[in-house]
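Participant: Just dropping this structure here.
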Amino acid sequence: MTAEQPGRPRRGPGASLATAGRPGRTLPKAITSPTRAAASTVAYAVLAAVTIVFLLPLLWVLFASVNAEPSLRATPPSQFTLEHFEAVLTPETMFIPLWNSVLLSGGAAVTTVVVSVLAAYPLSRFNLRFKRPLLYTMLFATGLPVTAIMVPVYSMFVQANLLDSRGATTLFLAASSLPFGIWLMKNFLDGIPVELEEAAWVDGASSWQSLRLLVVPLAAPGMAVVGIFTLVMTWGNFFVPFLLLKSPDYLPAAVRIYSSFGQYGAIQYGALAAYSLIYSLPVILVYIAASRALGSKFTMGGALKG
Amino acid sequence: MASTTVAAPEGRKGGTRPSGRPSARRGGVASWLLPLAPALFLMLVFFAGPIIWTVWVSFTNAALTGVNAAQPEFVGLANFTELFADPKFREATLLTVVFLLGSGVVGQTVLGLGLALLLQNRHPAARMVVSTVVVGAWVVPEVVAGLLWVVFLEREGGLNGVFEFLGAAPVNWLYTAPLFAVILANVWKGTAFSMMTYSAGLSEIPSYLKEAARVDGASTLQVVWHIVLPLLRRTIATTLMLVTLQTVQVFTLIYVMTAGGPGERSTTLPLLMYKEALQFGDLGYGTTVALALLIVAGLFSAAYVKMLRPEEVR
């Protein structure tokens with residue numbers, strides 16, 4: 001913006017020619033000009049309006065969860081109370097489903113990280129004949145909708161007698177995040193100089209040793225991204241456990257909140273808000289911590305941008 | 001770095017490799033097959049298996065219960081002809097396209113890109129507040145987002161509060177305009193992703209290009225239209241592709257908010273698939289819908305891979 005002031009060294013030769021040809025044309029567009037100020041005001045007004053609309057549903061949760069007489073509007077609580085939290089913080093409604101969520105998403109995240117590091121290593125380091133098609137297939141698979149294969153997966157689970165098995169559900173969740181995990185891990189390992197490993201090989205280390213002692217420690221941030229990504233995705237996943245798990249004791253919080261407060265459930269707004277808060281809090285905290293620790297790389301844009 | 005071997009022909013054996021990666025022979029087949037095995041096993045069993053099974057079942061009359069559950073028969077293209085003749089399927093396809101265009105293309109892309117553009121060069125505090133709120137909506141789990149929007153769109157809910165404030169009559173959104181309701185919710189939930197990718201893309205556009213255009217007398221809109229958007233084309237294409245893949249498979253949000261109703265008025269393809277296969281037990285039909293969904297998504301995914309192709313895979 002400052003380039004419009006005369007005499008700035010940043011101006012290219014073409015730019016000065018153009019200004020010279022039409023003196024005065026660009027001057028009103030300086031940052032202090034009324035049109036720019038007006039444009040800036042409009043921009044802030046639009047941003048404020050959008051932010052308020054985005055904020056309203058979120059505000060409702062915060063207010064209704066501590067409001068003694070919660071309504072459907074996002075109004076500040078008339079009387080502060082914690083009874084909604086007390087009401088939902090019981091083993092049956094909250095603790096068991098949360099623990100099931102921890103088991104499912106933790107298991108899926110650990111499996112995904114371990115399996116994708118193992119798979120990404122040879123894909124990054126060796127010249128394998130089938131590597132190219134495999135990587136393309138993997139990238140292709142990241143785009144395939146998991147929703148679309150859920151019906152066949154359900155039938156498979158029925159036929160293999162795996163329905164209501166937490167282990168199999170965890171493995172399926174891990175498998176569905178593997179294409180993305182391996183792809184990310186492979187790109188991450190590509191960034192670690194192979195010279196380090198060559199030095200280790202010269203010193204007599206095997207591939208396995210160099211993977212374990214050298215690559216894994218260096219790849220820790222990449223593993224964290226894959227793990228956190230899987231964790232957040234599976235924590236919020238509703239459809240997979242909704243179809244594959246049946247007994248109420250196994251249901252994670254995602255399904256439990258729907259069966260308790262869903263369309264035909266009781267209309268307890270305070271309890272719904274309190275439950276939503278507690279259930280969402282872990283992912284929000286993990287997201288904040290991860291974006292702090294890993295910087296903008298984690299904000300998905302970096303991971304997926306073309 | 002490893003890019004030194006990009007030009008090396010694949011599968012070349014022997015020690016003449018210029019530098020970089022060792023050949024697979026070092027340590028034998030086990031050295032690459034062993035670490036790859038768990039990944040291949042999981043993906044074959046849980047990913048490739050079901051897809052192949054989908055293709056097979058969509059040619060049979062398999063069902064969840066009854067005679068056809070035990071011995072499904074090959075019915076050829078019957079499921080497909082039935083599918084295309086079925087008004088329910090056509091309706092669902094139309095609803096899916098409207099949902100995709102409304103929430104994915106118009107909503108998320110226009111709003112996401114608009115927000116990214118407006119946030120450029122704003123005060124850091126303003127940037128932080130706006131992106132925290134928008135990203136907050138994105139981080140919330142899908143079920144919670146659905147339930148929140150049910151509350152927000154109720155007759156006594158927040159949106160009608162805004163309407164009253166503006167002097168308009170309240171609307172029973174989930175009943176009168178179910179598709180519009182789920183589109184709104186999906187825009188709310190998904191805009192952050194587009195906004196973040198576009199912000200990242202915008203930050204890579206060198207500022208001297210914009211400054212040069214401004215010096216030449218271009219207005220803000222002209223700069224955006226003639227300089228920024230053309231340079232952002234690749235980011236827009238890939239983001240649009242990912243958003244499309246995301247949007248065609250949205251199930252949870254719609255299921256929680258309207259369960260496809262009232263009637264069939266918000267039954268998109270994933271909802272139709274679920275209802276037919278699991279509620280009505282017609283696996284063959286439901287799987288054929290799934291296959292249709294897979295084919296559409298597969299085409300988009302292939303286009304996405306093609307777009308990324310030049311530099312990403314080595």
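Using N, Cα and C of the backbone, Cβ positions are placed for all residues, glycine too.
Note that TrEMBL annotation is computational and uncurated.
Features from TrEMBL:
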- A:1-32: region 'Disordered' (REGION)
- A:42-63: transmembrane segment (TRANSMEM)
- A:98-121: transmembrane segment (TRANSMEM)
- A:98-290: domain 'ABC transmembrane type-1' (DOMAIN)
- A:133-155: transmembrane segment (TRANSMEM)
- A:167-185: transmembrane segment (TRANSMEM)
- A:213-235: transmembrane segment (TRANSMEM)
- A:266-290: transmembrane segment (TRANSMEM)
Participant: Excluding the flanking five residues on each side, which residues at least 6 beyond the ends of the transmembrane segment (A:266-290) place their CB within less than 8 Å of a CB in that stretch?
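Facilitator: Same-chain contacts beyond the flanks: 60-65, 67, 70-72, 81, 83-85, 87-89, 93-94, 98, 101, 224-225, 228, 231-232, 235-236, 253-254, 257, 260, 298.
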Participant: What else in the chain is close to the transmembrane segment (A:42-63), if you only count residues 6 or more beyond its ends and a Cβ gap under 8 Å?
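Facilitator: Residues packing against the transmembrane segment (A:42-63) from afar: 70, 72-77, 273, 276-277.
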Participant: Find the member of A:133-155, A:167-185, A:213-235 that has more C-beta pairs under 8 Å to the transmembrane segment (A:98-121) than any other listed stretch.
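Facilitator: Selected stretch: A:167-185, with the most Cβ pairs under 8 Å.
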Participant: Where else in the chain does the transmembrane segment (A:133-155) make close Cβ contacts, counting only residues six or more beyond its ends and a cut-off under 8 Å?
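Facilitator: Residues 123, 163, 172, 176, 179-180, 182-183, 186, 239-240, 243-244.
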